[in-house]
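**Student:** Sharing a structure below in structure tokens format, with a few things to ask.
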Amino acid sequence: MSGSSGTPYLGSKISLISKAQIRYEGILYTIDTDNSTVALAKVRSFGTEDRPTDRPAPPREEIYEYIIFRGSDIKDITVCEPPKAQHTLPQDPAIVQSSLGSASASPFQPHVPYSPFRGMAPYGPLAASSLLSQQYAASLGLGAGFPSIPVGKSPMVEQAVQTGSADNLNAKKLLPGKGTTGTQLNGRQAQPSSKTASDVVQPAAVQAQGQVNDENRRPQRRRSGNRRTRNRSRGQNRPTNVKENTIKFEGDFDFESANAQFNREELDKEFKKKLNFKDDKAEKGEEKDLAVVTQSAEAPAEEDLLGPNCYYDKSKSFFDNISSELKTSSRRTTWAEERKLNTETFGVSGRFLRGRSSRGGFRGGRGNGTTRRNPTSHRAGTGRV
């Protein structure tokens, strides 16, 4: 790095060339010797600028809020402009913290305390709480007290270009580890403190992590609470696994073969023939024998083929000839046969679960205030009045 040894580099305008032959210009903000990184603020990329490289890059007009460079990939660093002189407090090691007013002459200190590194928590030493954002102007004023940067001692490499708004960035605290009693510029006397920058940063980070953990635990508590309220109600019984006889269908239903059995044309012909036969008998006045009457009573299936017009004959009898199971079979159907018939006709019915429609069902849960509508119905047959 070029420049004299007595030049305060913090706040200076730096020209940085990476090993990719890309030149950047920005304001030197922090130097992290532990991670071998350099942070520049208000950075602009000028591209490769006719330097020999396999991948030439054009210049860019965007101004990045900050860029963090890693040590081993930086080729050259040049100080373009030193920081402007600031009228600040004398370099007193007793000063722990100071705050400048809104009329500060620093070009990087607006009316509101500002720091371009407020959202850099993943970089460790560069992350700090919002109280440390006021140290930017103070660090520029105390820049002469920082040791000069020797050439070649801090290898720096371009790590990544990270863009971000100024409201989401944190500043690094550039104070010595030991602190004593100090004063602030607003006239109040500060209390003695021996906390370092890391001591101030760690409680904020631990508190933020604790808030995140609490937010993650709240949905789990709500879900567990819902489970407790569901299991406490007495009326909601768990449905038992009842094995029911399911009907197995083998293959699809053949509608063509079923319709072939019912030939309407042949049925209509037989129906007309029987109607004509009855009309002839009525005209001739022939009386039916008893054998014919008994035969017609024993064979109701033949009369059923006559169609809907012959189901009821007023002159013959008051009752109709509609087929009934009571006439065809003397045995009464059992409950299982009736259930099977209903299943074949209407399909399998769904299971009825108790206690799903209301809280606690008929019995009611704890404290739901449900009462029985007819309490005397359970006393039937006991002999009480």
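Counting starts with 1 at the first residue shown.
Here the Cβ of each residue, glycine as well, is placed from N, Cα and C on the backbone.
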**Student:** Of 36-56, 267-287, 330-350, which span is tagged motif 'TFG box' by Swiss-Prot?
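**Tutor:** Here Swiss-Prot associates motif 'TFG box' with the stretch 330-350.
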**Student:** What range among 89-105, 123-139, 140-156, 310-326 does Swiss-Prot record as motif 'FFD box'?
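**Tutor:** Among 89-105, 123-139, 140-156, 310-326, the range Swiss-Prot annotates as motif 'FFD box' is 310-326.
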**Student:** By the record in Swiss-Prot, which of Ser165, Ser198, Ser357 is the one labelled phosphoserine?
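**Tutor:** Per Swiss-Prot, the residue annotated as phosphoserine is Ser165.
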**Student:** Out of Lys178, Lys248, Lys327, report back the residue that Swiss-Prot marks as SUMO2 cross-link.
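**Tutor:** Lys248, according to Swiss-Prot.
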**Student:** Just counting, how many other CB atoms are there within 10 A of the CB of Ser349 (phosphoserine)?
**Tutor:** 8
